[in-house]
Structure formats: structure tokens, C-alpha cells
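Peer 1: What Swiss-Prot lists as transmembrane segment is 10-30, 53-73, 81-101, 140-160, 177-197, 215-235, 287-307, 329-349, and the listing cites sequence analysis.
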Amino acid sequence: MSNQSLSSKILGGNLVLRIAVGLVLGICLALVSPDAAKSVGVLGQFFVKSLRAIAPILVFVLVMASIANKEVGSDSRLKPILVMYVLGTFVAAVTAVILSYLFPTTLELVTSPEGLAPPQGVGEVLKTVVFNLVDNPLGAITNGNFIGILAWSIGLGIALRHAAPSTKVMLNDISDAVSFVVKVVIAFAPIGVFGLVAETMATNGADAFIGYARLLAVLLGAMAIVAFILNPLLVYWKIRRNPYPLTITCLRESGVTAFFTRSSAANIPVNMGLAKRLGIKEEIYSIAIPLGANINMAGAAITITVLTLAAAYTQGIVPDFSTAVLLSIVASICACGASGVAGGSLLLIPLACSLFNIPNDVAAQVIGVGFIIGVIQDSAETALNSSTDVLFTAAVSMSDEKNN
């Protein structure tokens, strides 16, 4: 009973509110006493180091368990929905790349390594990816080689699809255990944000927050373009009539709820209720909605892409178009692994950053920046992710009814 009480105290409460309080307190301390603000920077450094420690094992276990246990139905009616999910996520990543090119954003990081060697075009990037793919799995986890981690987790996940049910249950249990550790780490985000903001403000001044505001504007701009322009275009492609009544309904009845719950998984019952009211067959939405909560991650793809390119620009790296397209693909794949994990999209940023040879300590600092703006970013990301689940499911269902 005492353990439950302790867990509830650590993990309970409104995380968004606590992060906002940490943000404000960090700014106030930096303004009142810059020296003290630099001293509490150790709290932010400890938080970032915790994120660096948990990210490799999180990616490895989560992807492996997800693939090993994934049971996608053979019903052909799900295939068009899956196509919409994948296409929507990729289009979102490409949109984020374009906006990042139009409005390049740099960040004020606490430290930045000297002598960083950026990759020379997509050829070098692909060479790095291929060599990282065949890294020793233990070495990949130890050294934070996320490409190698992803390769091994996918390979083992595919192999374990044929394992005994008890093995799959064990994988799920391990995945749940790692996710719990992640939740504990994320629960200390307000303290970490307090330290990061205080040290950044004391070291770099108010200019740091101009970069944060610009970054947030690019993120929200990309999400708005996807929600109000590109998603309706994809829906029109399926139903061949005005897509906005359906789009607005999904944003109002699903997106608003998801904005405040900040959890696609928690919003599944809301989406199922909306799908039922829209007249979608239960045998379709009962599978498509939970599946979408796991793999339909347009908002996460935008977050990963924008923050990765911000990290690249901060290090003086300007990716060429081919590398940016590769990033869009990687971000789309990463986004599918972000579901069900607090701060999941942020914790997968190091994987995308590895395309540009950006060190893990820089990527971890970018994760910290993500938590600073996460009060708004995470809510908007979840609203886009979750509302799109029911939007695409409804669009495909309406298209099938029209054709039949």
C-alpha cells in the first residue's frame, strides 16, 4: 500500500502544470540570481543524463515487443486505412522538412562540442547508416547507436512473432517495466526543466527563448498545415466531396479531448464513440482506432523532424534535399515507435540525429528543449495524432460505402 502511495505521489498530478511552474521558477531565478541559476543547472544536467541513459533500452525493447506482438488483421478493408496512416505520417514529416528549410531555427544549448564533422551528402549518410546497422547489439545499446538498435530490435521482433505466447507475454512485461521507468524519469521533468531553463537563461540571456518561440511557431505551423490543409486533401482523395465537415467534427470531438489528456491511448474510447456515431462498422473501427493510436503519428513525425533539423542547424549542418527526404522516412518510422510512452517522440530524437553525426549529448539537450516547449507542443501533437485516427478511418469507411 505504501509503495502504491509513493508511486502515485511521484507519477501523479498534472505534469503540464508542474512543468509550467518549473519553467516560470527557472526564469525567475535566472533574473534574480544568475549565479544561483547556474548552480542549479546540475538538476537539468542530471535530467538530460537520465534521458540519455533510458533512450537506447527504451527503443530496443519497445520496438521489439511491438513488432513481436503486432497482430494486424487480414481484413482487406484495413489495408486502405493503413495506407492512409502511413501516407499521412510521411506527408507530415515532409511538411516539417519544408517549413524547417523556409524558417531555419537554431537553439541556445548549454554546451556544444567543437570540431563536429557533418556528413557530406546523402552518400555519406547512407554509408554511416549501413555500417551502423551491423553494429554489435550490446555495443549499439551501450554507445547509443540508434540505427543499430533499431535494426536489431526489428530483426528480433520479426523473429519473435513466431515465438511461444509465454515469450510474447514476457516481452510485453519487459516493455511495460521499461515504460514505467520512463514514466518515473519523465515525472521529474519539472525539476529538470527548472534547472535547464535557469542555466540556459543565466548563460545565454533572453535570446534563448526567442529561439524557443520560433521553434514552437514552426512546430505548430506544420501541425496546423497538416490538420487543416493536407489531411483534408487526403480525405477528399478518398471521399470525393467536401472534407471539412468531417475534418472539423473529428478535430472538435476528438482533437480537443486529446489536447488535454495528452495521450492517444487514453483517447481511444473517445475515438471509438465518435466512430460509432459516424456510422462506421464496429468490426472496422474496433481494430483501426487502436492500430492508429500506435502507428498513425503525424504529430510525432513533425516533432522529430523539426527538432532534429533544429539540432542540425545549431551545429552548422545544412542537410541537402536527399538527406532531408531520408530524414522524413526515418522520422516516420521513429514516430510509429512513439506511442504509449510519455515524451515518446522526444526520446526518439537521438535516433534521427544520428543521421547527421550529431552527438548524443547534443541530442539529449534538444530533448530537454522539447520538454521546455512541451507544455504546448505535446498537447498539439497528441490532438493531431488522435483526431487523424478517426478521420482517416471514417474517410475510408465512407469511400467503401460509396463504392459499394
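All residue numbers here begin at 1 and follow the chain in the order shown.
Placement of Cβ uses the backbone N, Cα and C atoms for every residue, glycine included.
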Peer 1: At a C-beta cut-off of under 8 Å, are there same-chain residues at least 6 beyond the transmembrane segment (287-307) that contact it? List them, or none.
Peer 2: 66, 72-73, 75, 78, 81-82, 85-86, 88-93, 95-97, 99-100, 105, 215, 218-219, 222-223, 226, 231, 264-265, 267-268, 271-272, 275, 327-328, 331-332, 334-336, 338-340, 344-346, 348-349, 352, 366, 369-370, 377, 380-386, 388-390, 392-393
Peer 1: Would you kindly list the residues that approach the transmembrane segment (177-197) from elsewhere in its chain, counting only those six or more residues past its ends and only Cβ-Cβ distances under 8 Å?
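Peer 2: Long-range Cβ neighbours of the transmembrane segment (177-197): 10-11, 15, 18-19, 21-23, 25-27, 29-30, 40-48, 50-51, 54, 57-58, 61-62, 110, 340-343, 347, 368-369, 371-372, 374.
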Peer 1: Would you kindly list the residues that approach the transmembrane segment (81-101) from elsewhere in its chain, counting only those six or more residues past its ends and only Cβ-Cβ distances under 8 Å?
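Peer 2: Sequence-remote neighbours of the transmembrane segment (81-101) are 72, 218-219, 221-222, 225-226, 230-231, 234, 238, 284, 288, 291-292, 295-299, 301-302, 304-306, 309-310, 313, 324-325, 327-329, 331-332, 335-336, 384, 388-389, 392-393, 395-396.
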